[in-house]
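Quick look at what TrEMBL annotates:
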type: ACT_SITE; residues: 32; note: active site
type: DOMAIN; residues: 118-313; note: domain 'ATP-grasp'
type: ACT_SITE; residues: 160; note: active site
type: BINDING; residues: 267, 280; note: Mg(2+) 1 binding site
type: BINDING; residues: 280, 282; note: Mg(2+) 2 binding site
type: ACT_SITE; residues: 291; note: active site
């Protein structure tokens, strides 16, 4: 069973991590700061309860990383959004010779850009909904009538469903694009996919149990994630084994083609005829008590603390610096 690999490594990883002074970086300066604070504080608490030597840092500038590197050789990244998840922090840590969780600089920067992520997936022949790229310069020449409706409008570099709008009419589309352009220089207009919404967590090259998301909202937005209590998280999912195996394979291909490693989460829509569509990759997924990766890990057989150990242990195994 795939679950046995991670579970069997836990003792070895724990013994290795007991020798380390671990830093957890959270906070940051993005629109996802509050989510990051919650993720980071949960991780610090869990690793402390696991008996590890861990210190939390609310980082607000890249200069803070120099102080972190002076005292720690291993970092758990709990930063979300711009600056922390877009390759900048990863680049500095790599240059300072620090081992850190998640993907490296290049894959982090690529995955943070929803538009270029979709270009890579398209180039690899992987299914992702049709889309248009919009920026302020193109607004005056844009053929609005060519845009797909209904559609999802997304700020290209935001996460946690920030700057995300479902639109049904041309007027709604124009308004949503204007709103998203206040958050980002580029906006993704993506064809709406009707169907079932799934998320897949990847850890140490294994796909954790899929979760189906059911919400009263049009889609799994910020309110459905963090505020309302009516979202259903279905695991195990109701899929034929062949369907699930095919989607797991697609998820690993989508993860690998972007050069991602370690931990990540990919969202997929399954349309009404059973075709899966890749939506996006999150290279530093949330780790709050409401987040999806801990939910998947629980069904996989890992406690929250064991999940944190596995994420760190995999990072140490994968790093040439360790």
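Cβ coordinates come from backbone N, Cα and C, glycine included.
Source: prediction; values computed, not measured.
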Assigned conformation of residue 32 (active site) - DSSP reduced to three states: coil
For residue 280 (Mg(2+) 1 binding site), the number of other Cβ atoms found within 10 Å of its own Cβ: 20
Nearest-integer angstrom distance between the alpha carbons (Cα) of residue 291 (active site) and residue 267 (Mg(2+) 1 binding site): 13
Cβ neighbour count within 10 Å of residue 267 (Mg(2+) 1 binding site): 18
Distance, residue 282 (Mg(2+) 2 binding site) to residue 32 (active site) (CA atoms, angstrom): 13
Assigned element (helix, strand, coil) containing residue 291 (active site), judged by DSSP: coil
Rounded Cα-Cα span from residue 267 (Mg(2+) 1 binding site) to residue 282 (Mg(2+) 2 binding site), Å: 8
Model confidence over the domain 'ATP-grasp' (118-313) (mean pLDDT, whole number): 90
